[in-house]
Structures are given as C-alpha cells and as structure tokens.
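Asks: Per TrEMBL, the feature signal peptide maps to 1-24. Annotated transmembrane segment per TrEMBL: 620-645, 665-685, 697-719, 739-762, 787-811, 823-843, 855-878, in sequence order. Residues annotated as domain 'G-protein coupled receptors family 3 profile' in TrEMBL: 627-887.
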Amino acid sequence: MACSKLWVLIGLFMYALQCTPTLGEETEPGEEECRLLGKFDLRGYVNAENAMHVIGGMFPIHFRTILEEDPTSTPPMSPQCEGFNFRGYRWVKAMIHAINDINKRDDILPNITLGYQIYDTCFTMSKTVENSLAFLTGQNETTPVFRCSTGAPLAAIVGAGGSTLSIASSRILGLYYFPQVGYASSSLLLSDKYQFPTYLRTIPSDLVQSKGMADLVHHFGWRWIGTIAADDDYGKYGVKAFKEKVENTYTCIAFSETIPKIYSRDKLKSVVKVVKETNATVIVVYSSDIDFHPLVEELMISNVTGKTWIASEAWVTSALIAKPEYFSLLGGAIGFGIKRGEIPGFKEFLLDLHPSRDPDDDMTIEFWQSAFNCTWPNSNISYNTDNRKNVTGHENIINFSSEELCTGNEKLEELDNTYLDVSELRITYNVYKAVYAVASGLDQLRLCELTETKGPFIPGDTCASIDEFEPWQLMFYMKNRMRFTVLDEDVHINEKGDVYTPYDIINWQKNETGHIAFVQVGTFNMTDDDNVSELFLNTYPNFNVLCNMRGSQYRPRSACNNNCQPGFRKGILQGKPSCCYDCIRCAEGQFSDARECTGCKEDYWSNEQRSACVLKEVEFLAYGEALGMTLIALSAFGSCVILAVTGVYIKFRSTALVKANDRELSFLIQFSLITTLMTSVLFIGKPEDWSCQSRQVTLALGFSVCLACVLAKTVMLFLTQLAKNSKIAEKVRMAMRPIFQKIIVLFSVMAEAGICSAYLILEPPRMYKNTQFTVLKIIFECNEGSIMFLCVMFGFDVFLAILCFLTAFVARKLPNNFNEAKFVTFGMLVFFIVWISFVPAYLSTRGKFKVAVEIFAILASSFGLLGCIFVPKCYIILLKPLRNTEEIVGGRVTLNDKSAPPTSASCTSEINTISTTVLDE
C-alpha cells in the first residue's frame, strides 16, 4: 500500500513537470492548463516569519499511517497518522533547541536568524515523499518545479529518520542538489554519492556497525547466528554487510528473516516459528524500534526465551523496546549505540511545554493527551488508536483513549516516558549535531564574502551571498569543508558524507528498581580505512559474562552442534553449512583439538581417547626383565661350566687324555665357547650402534674359532682313517704333524676376520627404531646392514661346520677305545638342528622375542658343542681316572666295557706309530 502511494505521488510529480511554468499567469485559449491535483495533509512545526533562512526537518512523530480500505473508490487523500512517538517528538524538540542555541550565539551566523519547518514522516515512505515535495515547492501542493513560498528561503533539510525514508527523500531532493543531513540513517547505500550526491549524515554508516557486530561475534566465539531484518533498505543492506563481514570468521547464518513494513500477524508468526525452532541462540536484529516492536509482542505471546539478541543502533536504547515486561525475552541483549552526548539546557526546554500556550498547536495537544491519557477540552484530535488489522485477531479499530478530560494541571516532571529521558541522548544528540552541520555550512558560505578575495564558484571566481544563494552553493561548503565543533566535539564529514565516530557497546541489565539499564560495556571504533578497527570490552565485574534473560550471569554459546570432544574431528554434512558437522573419531595415531585430526610425530602415538599424543612404549630385551635375566643367567652358567672344564683340563693337563686331545686346541675351543656364550649379553639391553656392530661379528668369530679347532681335530681323525692304507701312510704321516692343525685354525679365523672387517667397513649395522611392525611401540633393534655380508659371514661358519661333520662322520668307526668322532658328529648334528630351527622361528617373531630366539640358538648350540666335546672327557678324567692311562688311551689295551667313551686320540695297533706321534705331541 505504501508503495502504491509512492507511485501515485511520483505520477503527480511527472504530470506537474508538463504544466505551464509560471504561477498566476493566465493561460491563452488552446494552451495547456495546470490544475491542482491535491493537497498534502502535513503536520509539524513552522517558524519562518522572522527568519533569514529556514532549516527543514523530517521526523517520525507518529509510528504509522492509517491505511484505507479501497483508495481508488474516493479521491486520493493524504493518509492520516496514528501512534504518537514520544522519542521522535523529542528529536523534534532537539532540532528546535539547537536552532534556538545557534540564534543566541555570536560566533556562528551572527546577526542571522534561523527558522525551522518541521514535518511528520509518520515513519512511512509516502509521507516522507510528501514532505520532500512540500519542501521543494514551499506549498502543501504537488507542484515541485516551483518554490512559491513567501517566507525565508529553505537552506537545507535535516532528516528523514530511518534509512529507507532518507533514501526516498534524498532521491527527490538530490535532483535539485538540495543539502540534506541525516541523523539516524546508517544504510551503506547512502554513501553512494552517484545516487545520493547531497546526502550527509552525523551517524556512522552500517559499514562500521556491521564490522563491529562481526568482531563482537568473533570475540565471543559464536558460530551459529540468526539474522532478522526490517523489510527496508536499512535492514536488508545492514544484514548484507554483516554477512559479508562474518563470512571469513567461520561463522554461519542459521536463518535470515524479515519483518514486514506493513503489519501482518501471519508473517510475524512465521518469523516467531523460525526463532523458536532454530538451535541458534544468538540473533542479530537490524531494524528500527517501530518495526521490531510488533515482532517482540508476538515473541512474548509465544514465550520465546533463551536467546541472546544483538541489537543495531536503531533499537538498542529504545524505550519502546526496553520495557521491564520484555526482559524475559531480551534481557542480556548486547548492541551498538551511537555515541552518547549531553545537551545543555535540554531537559528544561523539554519541560517548557503546555497545550494552553497555543490552542492551534495540534501536535502539542496530541502529545499531552497521549502522555497523560486524557482528552484536552474541545479537542477532536484522536490519540492512542490502532487501526492495524489483526493486531489482536480483530479487524475493528482499537481505541485506548480515555474519556477523562485533561485539566492542564498535569505535571510533566512526573511523566515517566521516553520524552523526558535525557540519560541516553544518542539519536537526539545526532539531531543536534545535524543542525550544527547546516549552520556551519551557512557560516562558511557567509565568511567567503568577508575573508576571501576569490570565491569557488564560476564564472568569475565569486562567492555566494548569504542573503541569496542556491542550494548547490551551500552544498559546496557542506561537502568539501565540513569540519565543525559541537559541544567540544570535533566532527568531520568525509567526501562520502560519512562520519567515523565510535560506537558504545551496550548491554541490557536489570537495575535495582526492576527497570532495564543500558550498561556501557565497551566501545568500537573504526577509521576511514575499513580494515582498521578496534573492539574494546570493559572488564567490569558485571560483564565478565553476559546476563541472560532471567538475570543470572553466564556466557552464551551459539553453535549448530555441540563442540566435538577431544579425539574427534568435524565431518561436513552434505547440504548443511560448514558450521554444522558430525563428530568423527580420529584414526589411531592421530589426535584432535576438536577441529581436525593431526597425525602424531614419529615417536608418539595417540592415547586411547585420541586427545593427545603420548610417547610410544619402547620395546627391547632389557636386562631387568625376567626373560633377559634368565638368558643372562644361562650365559653365566654356561661360562662357569666352561671355566670349570678349563680348570679340570689345567689340573689334569699331564694326564694321557688331556695330552692326547691337543691341549692348545682344547683351551682355544673353551675360550671360543665362552665368547659365544657371553656374546648373548650384547643382544640384551637397548641397542646402540656399537653393540649392533660388535654382537654379530663377535658371534661369527667365536663360532669360527670353535669350529676351526674342531675341524682341525676331525681332520686328524680323517687322516688317521686314510692312514690305514699303507700306500699313502707315509704321506698322511707328513700331514698329521701338529703345525698342520694350527694352519687350519689360523686360516679359518683369518678368513672369517676378513669377512667381518669388510662387513664393518662397507655396510656396518646400525641401531634402528622400528615403528612399522606395531604402531603402539617403538622396537629398538639392529638394522643388520648388508644381508649379503651377513650371509657370507655366517655362511663361512656353516661351511666349517659341514666340513667338521663330514670328516667326523667318515672317521666315526675307527677301532679304538677313545674315538671321539661319533661325539663330534653328534655335536654337529645338534648345531645344525638348532640353527635350522632358528631360521623360521627368527623370521616369524619381532621385537624382543626375535632377539630372545637368537640368544636361545646361541646358547643351545654352545651348550651342544660343550656337551658333546668336553663332557665325555671330563667324565673319564673325574669319574673314571683308571681309564686315563697311556695304554688305554693309546689303544694298546682292549676294553670290554662298552660304556667307555672313545676319543679321537687313540688309534688301533696297526697304526701305533702314527698314534704315538699324536700322543707325544
């Protein structure tokens, strides 16, 4: 309906452009005649008779217009207004007070009296357009091409309240380059000087407010936000700017709803339903108090609670919204308020009001009637009516007016409403500054003639005359040199017509009297560069946290989901905003800070909760554990046994059996067995580079010494077998000399040592942290380096063992009393069985058990050789000493005792000479 009214007015405007351009001129026959299509019904205040210049003003003195049922069935009439706005009326008084203050001053516009012409916009676009056309014409008629008033010229206009109204009026006033200064319009659109070349304002644009809201949301960590905007330019552009600012702060918009400009309860109920059903607990509202109020009523009816509201400057300090009965809904709201100011003498000026002073002052009479809910005598002015449909489910006019007559004795001092509340002068203060902006521009224009030889206007570099100037000339000074001081505050309006003044951050709290207190809890400031901003929140005890709707203190939280617990990451949900997610448990080896999973470092692993990385358990065969201690004990036991055998051999070194077994080789075998047994100690404990390099080499050398000595003995047995052949006996006798045994041992050991040296030089083993076998542990083991070298090194030992086995096997049936070939053969079989069993067991185990398998193999093979080579001899030496004689050992006496263990030292009588040589040696 408001839009249709606007188009009617624009149509009238276009029609008027086609009329004859001279008022009062008689038209010739046949010429087109202009007709007056209608008059505006404008209400307000005018004081221009004794003024030199007039400043226009547009203010929402009423909340709304009364809509007609069928505007086409009757001649078009200017709409009537209802719902007296005490806050807007206070703005009117602020403008009048500012003009009065300026007229009293000598330092600005001396000897120049300003007047005012103030109209009521009724907070609607149609009335705002009517006001704009009336300002341009000087008449209450639709003839905008001409200004026909007889009073003082109109210098500039202050207004028109909300952003939508200012946009509508500025599009018309801008056609004539008419200066306009806004006091409450913060829409970003008004900064566009291409569309609005003459619009200035004393309030920051929504660019600043939106950035402040985004910073506030980010400060409190709110990630799931709802937005509600009035269905006008202020709300739409404000929310749009807010969304642009928060899109890079991981904040998502849960919903975006609009409040209808024309009252519709069904639409309001749909908005309420969205607010109730959403899990977003923080809601940004970009709306005027007048538009937001019907929605607040519906929210109260639906008992909506548990929401934190972020208020725009248009309603954050509005008495229409900040009522105690709304605290259950809006308590704890936080918003941005225009910088507060104090106007000297303003409270007294507001009190200086009474209907009896001017019986024709309808506005004052309506104020009195609405404030005290009484009817002024002989007044036919309606008040406290509501013609909106469906406001309470009925379509009839609602009349809250009283039949009681006003006495005139009512006291304004006792009035408790917005009109007299001067504690939060924010928009009111901006009205005061807007008037001073116009006066400052006029004063700059005046000073041009007095102080400058050349003016800015062409042709002729002239100055404009303060007595007679064009609006665009005043606009030059207001646009380019707009710096002025109001009540000790320096004001600078930039080239876009904007100012950058700080915002006060206001929190709604309940005071001791039960009323809502606007507690300033911080400030937000932004420079001309929109990338530089500063949000400061006070550390008052009552603002450590925000107050909720019931007055208790807590810090609100708003998120689409509950935060993921440590150990979980956020998983994106298809078709949902990025702020909505599933919590997915991190994989093993990863931890999370509730946002994303991160892999642990190499030596770390996630704990059971996946909330942190802990050092992996280190595994190696330690000395202190039972298995390690057992293996060390076995090694020590074996070494002690060998030492005992060595002691026996030393004590009985002169006996036939000890001498017959080559004492040097026997001692060398005992030493090598001790070496192999003690090598197992190198396998226990945390591996280091030196231990990894020494253990396999020491083991290989120890076995090679042992096997080389055994081979030397078995070769002698083998040669003894060959010596039976008389044809080669002499040659065999030459090979059986003792030096030949030493050569065999020396060559074998040197060959093994050469292999080990090459192994250590070319590709030595290193300590290695194995994290591949199990993710929960770090297995400290040795990386053996070159497998080829390792195989060659131990392969040589195997080669020696095979030679031992073959030579002993051939010589196992020598007919003598103490032939040990059978025992060597059995010892080699034990050696082969142990190490053949070792290979699959070694390859199938990991960690410390792999090391344990190798140590078991070392111990088993060492004990096997010890038992097969030395135990039978010790048995004879210690338990059967009568058999330890040269006759029996030499084979010259035949034994019937089958239990006597033969040795390789004796030979049959056929080769006594050979045996004697061996015994002598």
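Here the Cβ of each residue, glycine as well, is placed from N, Cα and C on the backbone.
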Asks: Looking at the stretches 697-719, 787-811, 855-878, which one shares the most CB pairs under 8 Å with the transmembrane segment (620-645)?
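Replies: If we count Cβ pairs closer than 8 Å to the transmembrane segment (620-645), 855-878 scores highest.
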Asks: Quickly jot the same-chain residues contacting the transmembrane segment (823-843) by Cβ under 8 Å, restricted to those at least six beyond its ends, or write none.
Replies: 710, 713-714, 717, 798, 801, 804-805, 808-809, 812, 850, 853-854, 856-857, 860-861, 864-865, 867-869, 872, 901, 904
Asks: Establish whether the number of Cβ pairs under 8 Å between the transmembrane segment (855-878) and the transmembrane segment (697-719) reaches at least three, counting only pairs separated by 6 or more residues.
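Replies: Yes, the transmembrane segment (855-878) contacts the transmembrane segment (697-719).
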Asks: Using a Cβ distance cut-off of under 8 Å, indicate which of 665-685, 697-719, 739-762 has the most pairs with the transmembrane segment (787-811).
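Replies: Answer, by Cβ pair count: 697-719.
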Asks: I need to check the long-range neighbours of the transmembrane segment (739-762): which residues 6 or more away from its ends have a CB within less than 8 Å of a CB in the stretch?
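Replies: Residues packing against the transmembrane segment (739-762) from afar: 662, 665, 668, 693, 697, 700-701, 704-705, 707-709, 711-713, 715-716, 785-786, 789-790, 792-793, 796-797, 800.
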Asks: Same chain only, please: residues at least 6 beyond the ends of the transmembrane segment (697-719) with a C-beta under 8 Å from a C-beta of the stretch. Say none if there are none.
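Replies: Those are 661-662, 665-666, 668-669, 671-673, 675-676, 679, 682, 732, 735-736, 740-742, 744-745, 748-749, 751-753, 755-756, 759-760, 793-794, 796-797, 800-801, 803-804, 807-808, 810-811, 814, 819-821, 824, 827, 858, 861, 865, 869, 904, 918, in sequence order.
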Asks: Over the domain 'G-protein coupled receptors family 3 profile' (627-887), what is the model's average pLDDT?
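Replies: Residues in the domain 'G-protein coupled receptors family 3 profile' (627-887) carry a mean pLDDT of 83 in this prediction.
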